[in-house]
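According to Swiss-Prot, the active site, proton acceptor annotation covers His151. Feature annotation from Swiss-Prot assigns NAD(+) binding site to 53-72; the stated evidence is similarity to another entry. Per Swiss-Prot, substrate binding site is recorded for Tyr97, Arg100. Per Swiss-Prot, the feature Zn(2+) binding site maps to Cys159, Cys162, Cys211, Cys214. Taken from Swiss-Prot, the feature domain 'Deacetylase sirtuin-type' applies to 28-324. Feature annotation from Swiss-Prot assigns transit peptide to 1-26; the stated evidence is sequence analysis.
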Amino acid sequence: MRLLRPTPRLSSIFSSKTATSNLRFFTAMAPHNDVGAFHEALRSSKRILALCGAGLSASSGLPTFRGAGGLWRNHDATSLATLSAFKNDPGLVWLFYNYRRHMCLRAEPNPAHYALAALAEKNKDFLCLTQNVDNLSQQAGHPQDQLRTLHGSLFDIKCTNCDWIQRGNYDDPFCPALAPASVDVEPGKPFPLLDASLPLDPISPDDIPKCPQCKIGFQRPGVVWFGENLDEVMMMGITNWLLEDKVDLMLVIGTSAQVYPAAGYIDKAKRKGARIAVINPEAENEEEMYKVKPGDFAFGKDAAEYLPLLLEPVIGKLETDKKERS
């Protein structure tokens with residue numbers, strides 16, 4: 001299955017009159033943001049699936065590259081996440097990804113990461129699918145066998161030509177030519193690399209490391225770019241998990257669910273009987289409310305703030321000192 005670009009919001013298909021009518025209909029029902037009702041649903045749920053997006057890590061200080069914040073040096077961030085962009089200018093693409101690696105290496109998991117890790121420890125029938133490539137879920141102690149990194153990892157390195165792969169590369173910068181993307185600045189001061197008005201010295205392809213195995217291909221970030229296939233073995237494992245039994249509850253966290261095939265898991269979970277709970281700042285916006293079906297939940301909150309509260313009946317009070325102890 002290939003990673004597809006974000007689809008237009010389905011709400012654009014409907015007229016404003018229809019959207020308003022749908023909103024009135026759902027408002028008349030039991031509150032979609034009733035924490036007590038969600039707690040009851042959580043307590044009665046055995047098999048739980050989660051789909052996480054960039055919003056999960058936003059409170060850790062990582063940019064989501066969505067909406068108004070979707071530009072990097074005046075480049076649409078999604079336009080840099082393609083193999084064709086890498087072939088056209090590997091230095092520019094690597095600067096973008098080295099910057100992201102640098103930011104992730106300095107970020108720390110937030111309470112939402114820890115809450116999901118705690119849920120995994122308490123419930124062995126919980127499976128988390130993350131679209132994030134930042135490694136923060138792993139840092140929070142999320143059990144590896146209950147975590148699927150759909151889009152790979154910034155800290156894996158692949159070859160553009162052969163099957164060579166290196167896992168767990170934390171070099172910062174990745175290579176000397178990328179040092180401008182690994183600069184630390186004082187809080188409140190601008191990062192020079194992000195100032196599009198400042199000229200950017202081009203990076204020669206000769207400065208990008210070649211594959212140590214085939215000696216032909218370039219080393220590239222081990223993430224899934226738009227148009228590329230997701231890991232087939234991982235995808236088959238997720239399908240098998242879905243087929244094993246009914247799904248009681250699905251958490252959709254920090255994502256507007258516009259990128260496929262990941263977004264398709266929401267419909268698959270519904271077909272297996274799952275109630276859907278969306279935790280995302282835009283979840284209660286009028287243009288999103290048409291998605292909230294009877295019995296489902298929508299919490300227009302930041303995951304770091306709200307997820308520990310929502311999961312509290314199962315995980316208990318989240319320890320505030322976990323960060324210092326980890």
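Every residue, even glycine, has its Cβ placed from backbone N, Cα and C.
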Alpha-carbon distance [Phe65 (NAD(+) binding site); Arg100 (substrate binding site)] in Å: 11
Any further residue of that chain within 8 Å (Cβ to the Cβ centroid of Cys159, Cys162, Cys211, Cys214) of the recorded Zn(2+) site: Thr160, Asn161, Asp163, Trp164, Lys210, Pro212, Gln213, Lys215, Ile216, Gly217
Tyr97 (substrate binding site) versus Cys211 (Zn(2+) binding site) - Cα distance in angstrom: 18
Proximal residue to Leu62 (NAD(+) binding site) among recorded positions Tyr97, His151, Cys159, Cys162, Cys214 (C-alpha distance): Tyr97
Candidate binding-site residues Tyr97, Cys162, Cys214, pick with smallest Cα gap to Ser59 (NAD(+) binding site): Tyr97
Distant-in-sequence Cβ neighbours of His151 (active site, proton acceptor), under 8 Å, six or more positions away: Leu3, Gln131, Asn132, Val133, Val223, Val224, Leu230, Ala262
Integer Cα-Cα distance in angstrom, Tyr97 (substrate binding site) to Phe65 (NAD(+) binding site): 12
Candidate nearest Phe65 (NAD(+) binding site) in space, where candidates are the binding-site residues Cys159, Cys162, Cys214 and distance is Cα-Cα: Cys159
Helix, strand or coil at Gly53 (NAD(+) binding site) [DSSP, three-state]: coil
Residue with minimal Cβ packing [other Cβ atoms within 10 Å] among the binding-site residues Phe65, Tyr97: Phe65
Residue with minimal Cβ packing [other Cβ atoms within 10 Å] among the binding-site residues Leu56, Leu62, Cys159, Cys162, Cys211: Cys162
Arg100 (substrate binding site): tally of other CB atoms within 10 A of its CB: 21
Cys159 (Zn(2+) binding site) - helix vs strand vs coil (DSSP): strand
Three-state secondary structure, Tyr97 (substrate binding site) (per DSSP): helix
Distance [Cα-Cα, Å, rounded] between Cys162 (Zn(2+) binding site) and Gly53 (NAD(+) binding site): 29
